[in-house]
Each structure stands twice: as structure tokens, then as C-alpha cells.
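Report on the structure given below.
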């Protein structure tokens, strides 16, 4: 093999290797600037106009969920939709889910308004999911009502604990 | 849901991806690139050594491409939002490592030695096993939080893995380090590589529960926060275990790796600088203490301080009961003769290093044949893997995932530092393998599993949050003031 070809290949290999590194860094760059910074305080402020709208015209989704109550649509996962844990999902497989600030809870809430053992969610004998408040200080809310007894949860009904909102999804 | 109100700046912020692109196509493009580069190097080696394109080029390229393709499809199916860079980076390093091992197989000098076996086909098989384990991790581990349940089982498992090489019968001593076990009919295995991952699971689970006690219950002394004695317990136990590994298995690298990983995770969990000071002090005391009476380590330290002297002793054949090694000096020569741009694939003489040229000393081959420019690129590829791991930890929402990701990427970084530093003469040489590059089944398999776990955590972290349902009036949440 001629000396020239080998030199070209040697430099070519280094060039290709560095090109890969540069392309990889470009991907990271687009990843960095492709993120959105959400201010935690913003949600509270933007919530208000929305809520005003919600009061005038209750969104159709909730009416549907009310109709589904007791239906045979069984939820398969529990989703955190608001609060610091937004986006966390837990698969429902017949196990009891505990919520609270205690470290051994299924969902560990990092929330000043939550008690260490705040609430639990479990299936009853018919497979209906029930939420029960475990004597928390600030209470657990299903839709807008504060829970006093174990209550059945319908699909999509928001369960509110402090700043955290969770719901059951199919 | 978009708002026009200006968010007040004093609030803490969370970071989420816009529209959450899955970036699987970026990953595919990078993977194609990551397969083409090693194939190019492979052709280059053949042209330089035998003046012809190697006969195995097609099958080698197909093999690597198949591995990358299977990995990619598994990620696309089971972890669609995972980080797009980890898989291509690992594939590229693995592919280039295979080329270097194959290149050393072609060396006439190594072929002439009595212990020569073709390493490249076996390494290709190990890599395929590694990718299979990677796919299995991505498939079976649907949620990394499941691992949290096995915190203490992991501790026991890791201890068993670490102690296995000491068990007579299955323990296997190779060149002074007792870190292998022999499985009849299957070959040898280095359980320490797997213990790395299992220990990270234990540390993450343990520290998640104990971090508040470790961070808050402390006394201030000379500007440092000293932890309470009972909280200090676990770090001392880990320290003693790593010292024991050092003494009985004479394996400096593994012991450094475990202790370093624990200190990193402890620091991340508690945000206390005092832990780093403690960790450095304790590892220094441990290393110096053991080195003062363990001859195997003493030789390593001497070879580090004065490699030329060791080389001369070895050449002169001095028999004083200690194995003198010329390899440390040879590795330095290899780096030197490579210079900035290297001699080119297949044109170096790093095969003079002898039996460990394709495992512990593989970086010397790169140093000679692709030069400083190439080695820097390789180290950057490692740095990118670690960066993606740390980024995953930052984005992870649950504390366990955060700690596990930082622990795994920290261990990976430490391993690269310990091996590269050892071969380049920055620190005493330890018998560890360069992840993905070096010849060694356990290493490549365990590191593919590590990448699999990182991908799983990053998939959970980058998955877009499901759209919140209609808000039933947040103001109804009553705050009961005591």
C-alpha cells in the first residue's frame, strides 16, 4: 500500500472520529436548548384565569368521568398531573399505593402540605379503586370534596394532596 | 394552556422538554455513523498490514451493524424517550475496541508467543452477549424504581460477588490479582464488574432513606460538618470492605472504584463537602497503609515512580521474588512514538507490550496508532457518556433514580480515570479494563447492562408528562393553619 494512501486514511480516520464527537455535541446542544424552564410559581398565577373559565363552563371531560363512575372501565395506571412529581406514573397491579412524605411510601411526596402518611389508594373486592385519607392534617380532596370516608375513584377524577394532583388513567 | 402572564423570577424552576421529541431518528443516524467509523478503521488495518481489504470486513460490519440495529429497535420499542446519545457512543467505543483487538491479533510477534489465541472473535461474541443483556435490561426493567425494593438484597449480592474470587476452588489467580472466578465449561468471569452495578443499586436505595440524617445531624468543627458516629457507620463499613478487597484480592482499582463511587453518591445525596474530605483522607490512609506491607502493590508503586528502573530490572532478569514488569515503560514509549497524529492503524509497535496489550494496555495501542488526537477523541467519547449519565440524573424526578444514575456514571468515570491514568503513568497501574475498548467478556457485558439501566432511567426522566386533566379549581384546596 502506498505511503500516501495510508497517510490519507490515517488523517481521514481522525477527522471522522472528531466529526462524530462534534455531531454528538451538536445533539447535546439541541437537547440543552430544547428544554423549557417552568417557573413553579407561574402555575399558580396562570391557574386563576383558567379556573374562572372552568367555573363558567365545566370542561366536558369531567362530566364524562362522572358518567363513568362505577362503570367497568378499569384504570391501569396512576398519574401525577400537578406538583413537583408531575409526570410520574405508577402501574396499578392490585397493590395498595401509599402516598405521603414517609420514605417508604409508594409515592414520596415532597410537599409541605402533605403528612408523612397521608393517604392510600387500594382496590376493593370488586376491583374498584378506593382512596382513603389516613388522618392527614390538611386533608385529601377528591374533585372538590374533602374525604372523610374511603371513597371510590372514577377514571380521571383528580385527587388533590397539598399541591400535588393525581388521577387514575386507563 | 399557554399563558401570557410573566412568571415571577424568585421561584425555583423545573426543567422539561418542549413537545418531548423522542429523538430516535437522531439516534439511528448516529448509530449508522458509529458503525461506519469502525468498519473504516478495520479496512485501514487490513490495508496497512496485509496490503488488502480484510476478508472479514463484510461479516464484521454486518455483525456490528446487527448489534447496533437490535439495540436500536429494542430502545425504539421499549424506551422510546431514552437519551439518543448513549447507545451510539457505546456502540462506537465497542466497535473501535474490536478493531484494535483484531489488529493486535494480526501481529506476528504476538502470534509467535505460546499463549496466543485469537481474541477478536471471542470479543465479538462477548459484545453480542452484552447487547443481548442490554436488550434484556431494557425489556424486563420496565421501571427502574423496582430496583429500590432490592436494596438490601443488592448489598448481600454485591458482597457475595466480591467474595467469590476468594473462595478456594472457583477463585482464580491471574498475574497476582485474585479477581477472577472459574465456571467449569464456561470460562472465567470477573464478578467485580457486575458488583459495580449491584452496589450502585444498594448505595442509591440506602442513601435515599438515610440522606436526611446524614446531611442534617452533624456538628460543626473547624469549618467542616462532622457527621454523627452512628451515621458514619456505613461509610466505615464500605471503607473496610474496600480495604479488604485490596488486601485479599490485591486489586487496587476495584477497591478505589467502590469507595470512590460511595463517596460521590454520598456527596450528591447530602450536599456536604466534608464527606469528600473524609473520603479522600480515608482512601489515602487505606492505600498508603496497605501499600506499606503488600509486596504486589509496592511493585506497582515502584513501577509508577520509576518505570525505567523496573524495565531494566526486568530485562536483566533480576530474580528477587518480585515480578518486575517492563510494560509500564513500554506503554509510555508507545504513547511517545505515536506523537500527535499517530503512526496510523496497523503501523505501530504496541504489540511489543506482550500479553496484556489487548486488555489492560489497549490504550497504549491507541496512543501509538491514532496518536494524541485520537486518544483525546476517545476520552471525549467517554466524557460524553458520563455527561449523559449526569444529565439523566439531573432530569430524573425520583431521588432513587437520581442517585442510581449518578452512581453508575460516577463509577464509569472513575474506571476510565483509573485505567487511563494507570497506563499513562499518572497514578500507579491497576488491573482494570477500559470499558468497551479492552478485551474482556465480563467488562463488556457488565458495561452494556450499565448503559441499559442508564437508558431506562433517562427514558423515565425524559418521558413527557401526560396532559393534566381539567383543573377543578385549585382555590378549593384549603390550607389548615395550626
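First residue shown is number 1, and so on along the chain.
Yeah, the Cβs are placed from backbone N, Cα and C, and that goes for glycine too.
What TrEMBL lists as transmembrane segment is B:28-49 (among others).
Annotated transmembrane segment per TrEMBL: B:55-73 (among others), in sequence order.
Residues annotated as transmembrane segment in TrEMBL: B:85-104 (among others).
If you look up TrEMBL, you'll see B:124-141 (among others) marked as transmembrane segment.
The feature transmembrane segment is assigned by TrEMBL to B:150-171 (among others).
Sequence-distant contacts of the transmembrane segment (B:191-209) (same chain, at least 6 residues past either end, Cβ-Cβ under 8 Å): 147-148, 150-152, 154-155, 157-158, 161-162, 164-165, 179, 181, 234, 251, 254, 257-258, 261-262, 265-266, 269-270, 399-400, 403-404, 407-408, 411, 415, 433, 442-443, 445-447, 449-450, 453. What TrEMBL records for B:191-209 (among others) is transmembrane segment.
TrEMBL lists B:230-248 (among others) with the feature transmembrane segment.
Within its own chain, the transmembrane segment (B:254-270) has Cβ neighbours under 8 Å at 162, 179, 192, 195-196, 199-200, 203-204, 207-208, 211, 214-215, 235, 238-239, 241-243, 245-246, 276, 278-280, 282-283, 286-287, 393, 399, 402-403, 406-407, 410-411, 414-415, 418, 430, 432, counting only residues six or more beyond its boundaries. Positions annotated as transmembrane segment by TrEMBL: B:254-270 (among others).
Among the features that TrEMBL reports, transmembrane segment is placed at B:275-293 (among others).
Per TrEMBL, transmembrane segment is recorded for B:361-382 (among others).
Under 8 Å from some Cβ of the transmembrane segment (B:403-430) lie the Cβ atoms of residues 144, 147, 196-197, 200-201, 203-204, 207-208, 251-253, 256-257, 260-261, 264-265, 268-269, 297, 300-301, 303-304, 307, 327-328, 331-332, 335, 360-361, 363-364, 367, 379, 382, 385-386, 388-390, 392-393, 396, 438, 447, 450, 453-454, 457-458, all in the same chain and six or more residues away from its ends. Residues or ranges marked as transmembrane segment in TrEMBL: B:403-430 (among others).
The transmembrane segment feature in TrEMBL is assigned to B:436-455 (among others).
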Against the transmembrane segment (B:55-73), which of these stretches has the most C-beta pairs under 8 Å: B:28-49, B:124-141, B:150-171, B:361-382, B:436-455? B:28-49
Between the transmembrane segment (B:150-171) and the transmembrane segment (B:85-104), do 3 or more CB pairs sit under 8 angstroms, pairs being 6 or more residues apart? no
Which stretch from B:28-49, B:150-171, B:361-382, B:436-455 shares the most C-beta pairs under 8 Å with the transmembrane segment (B:124-141)? B:436-455
Under 8 Å for C-beta pairs, could you tell me which stretch among B:28-49, B:150-171, B:361-382 has the largest tally with the transmembrane segment (B:436-455)? B:361-382
Quick test of the contact rule: Cβ under 8 Å, at least six residues beyond the ends. What residues does that give for the transmembrane segment (B:361-382)? 89, 92-93, 96-97, 100-101, 103-104, 327, 330-331, 334-335, 337-351, 353, 412-413, 416, 419-420, 423-424, 434-435, 437-439
Under 8 Å Cβ-Cβ from the transmembrane segment (B:28-49), and at least six residues away from its ends along the same chain, one finds 57, 60-61, 64-65, 68-69, 71-72, 84-85, 87-89, 91-92, 95-96, 98-99, 102-103, 106, 344-347
